[in-house]
Amino acid sequence: MYSGYLIFINILRKTLLRKLYYTATWGGLDMAREQLGVLNALDVAKTQWYHFAAIVIAGMGFFTDAYDLFCISLVTKLLGRIYYTKPGAPKPGTLPPNVAAAVNGVALCGTLAGQLFFGWLGDKMGRKKVYGITLILMVVCSLASGLSFGSSPEGTIATLCFFRFWLGFGIGGDYPLSATIMSEYANKKTRGAFIAAVFAMQGFGILGGGIVALIVSASFDHRFKRPTYHENPAASLAPQADYIWRIILMVGAIPAALTYYWRMKMPETARYTALVAKNAKQAASDMSKVLNVELEADEEKVEKIAREPTNSFGLFSKKFARRHGLHLLGTTATWFLLDIAFYSQNLFQKDIFTAINWIPPAATMNAIHEVYQIAKAQTLIALCSIVPGYWFTVALIDHLGRFFIQLMGFFFMTVFMFALAIPYHHWTLKPNRIGFVAVYSLTFFFANFGPNATTFVVPAEIFPARLRSTCHGISAASGKAGAIIGAFGFLYAAQSTNPEKTDAGYPPGIGMKWSLIVLGIINFFGMLFTLLVPEAKGKSLEELSGENVDENDWEMQAASARTAPV
């Protein structure tokens, strides 16, 4: 066993040393052909108004994405009370395991499908054309989710799941398109910060969901005074509570609708127009308006680049596998592992807070007040750890680099998961609950000042323009596969090992302690797969993808990296 450990450490050491050698030598070699004028203008452009406009336009989509994906966790307890409470039961109703899994996970399934489909479509039709389709889908399905109908609980839940699947489908398209558009508009110096700023709107979306739920539930609780479930089970559920979850879900349509006009006004990115559509004249015209400078159309250069073997291989070719195969493995694996942990924590933080008694037992509250308590907990976590973590990444990503931030984030997530799990009984004691919440918040902070942001940024930078949206979609879909595992698996895994303490309808699980240990191990493997992800700081997109590097030079550098001294 000890010899196996030594072999593992030696392989890890060699991988890291070769990665560092590759980064150093690649950065020091001047192998790039002359860049297209319009793309060079974008690379060296000073930060100006159009950058911030692009961040807001793309970012509001991500605000909506996060709001729609995570607001469901605020109302699942209420849905259980409304549709599954049995007369005379000692506890309020909860969603049956299969129903809870469907309600929490169906949007993630739709998101996965949307990331793959719209990522591919973004490379075929262009980023702008597809961008509007995803937004319309999000608006319509947000409204439809709140209007879910049915003559029985099963019918209402089935309708809700149907619309949330298609809502997720639209959300899925927003991931590769927003990331790709922002990366192709940004300059070299601050590209990481701009892409991270778009993704950071996810934090405000989670915070916004909590605030909306607080306002709605507090208003209804004030207007319709009800006793606790212990005092009067039948009276504890106000008929008007059915409006609460519908309003919370439907509010998600508002920010998406507000940005539709501005999305349609954005010109197609110059990199797609020039390198994929091969229309140098249109690219120069579009970016001349954006940058407020006169740019020449490099039609001869565009034609020459189009003929190069480096710009003709496909996604399933041997050349792609040799050049970007490990990169794609790195971006998909790290996003997959990260989202198992991140979505498990986020979607089910209400259960974690209940387990440590930070949220009172359901029977001691009425239905509306329970929504308020859950929303208060989510809002506090978002405000204290999620939002600050995102903006730490925005501020430092172009200084520290993507690789360092991602490795650091996975490391501290691992440490804090084990810090929660190993002395778990200690944290459940009443005097220590605030300490539990503080450490739990730190895992969120380093998820967002770490891999939750960088896994979004890097796939938008390191792949060729003609495959960029597709590869980002594949990476993001891998993440959502992890989210689905986290969402579905954690429902069962986190249940108590004592059958008498499980939620209604659930079999015994491995308990919260062992669930957190498993998540810590997952984060550790995230560190290892981070070694496959290249550093993109300070380089042009074409330099990273090899689109302006000669074929022979690329092969020479690859051979040099493979034979690096270790």
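The backbone N, Cα and C atoms fix where each Cβ goes, glycine too.
From a predicted model like this one, the values you see are computed outputs, not experimental measurements.
Here is what TrEMBL says about this protein:
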DOMAIN    54-538  domain 'Major facilitator superfamily (MFS) profile'
TRANSMEM  52-79  transmembrane segment
TRANSMEM  99-118  transmembrane segment
TRANSMEM  130-149  transmembrane segment
TRANSMEM  193-220  transmembrane segment
TRANSMEM  243-262  transmembrane segment
TRANSMEM  326-344  transmembrane segment
TRANSMEM  379-397  transmembrane segment
TRANSMEM  404-422  transmembrane segment
TRANSMEM  434-458  transmembrane segment
TRANSMEM  470-494  transmembrane segment
TRANSMEM  514-533  transmembrane segment
Selection from 99-118, 470-494, 514-533, the stretch that has most Cβ pairs under 8 A to the transmembrane segment (404-422): 514-533
Cβ-based contact of the transmembrane segment (130-149) with the transmembrane segment (193-220), 3 or more pairs under 8 Å: no
Local confidence of the domain 'Major facilitator superfamily (MFS) profile' (54-538) - pLDDT mean: 87
Intrachain neighbours beyond the transmembrane segment (243-262), with Cβ under 8 angstroms and 6 or more residues off its ends: 53, 56-57, 60-61, 63-64, 67-68, 71-72, 74-75, 78-79, 82, 132, 135-136, 138-140, 142-143, 145-148, 209, 212-213, 216-217, 220, 368, 371
Stretch in 193-220, 326-344, 379-397 most in contact with the transmembrane segment (470-494), if contact is a CB pair under 8 A: 326-344
Dominant neighbour of the transmembrane segment (514-533) in 193-220, 326-344, 379-397, 434-458, by Cβ pairs under 8 Å: 326-344
Intrachain neighbours beyond the transmembrane segment (193-220), with Cβ under 8 angstroms and 6 or more residues off its ends: 51, 54-55, 58-68, 70-71, 74-75, 178-179, 182-183, 185-186, 238, 240-241, 243-244, 247-248, 251, 346, 368-369, 371-372, 374-376, 378-379, 382-383, 386-387, 389-391, 393-395, 397-398, 448, 452-454, 456-457, 460-461
Chain residues outside the transmembrane segment (379-397) and at least six past its termini with a C-beta under 8 angstroms from it: 192-193, 196-197, 199-200, 202-204, 206-207, 210-211, 214, 349, 405, 437, 440-442, 444-450, 452-454, 457, 537
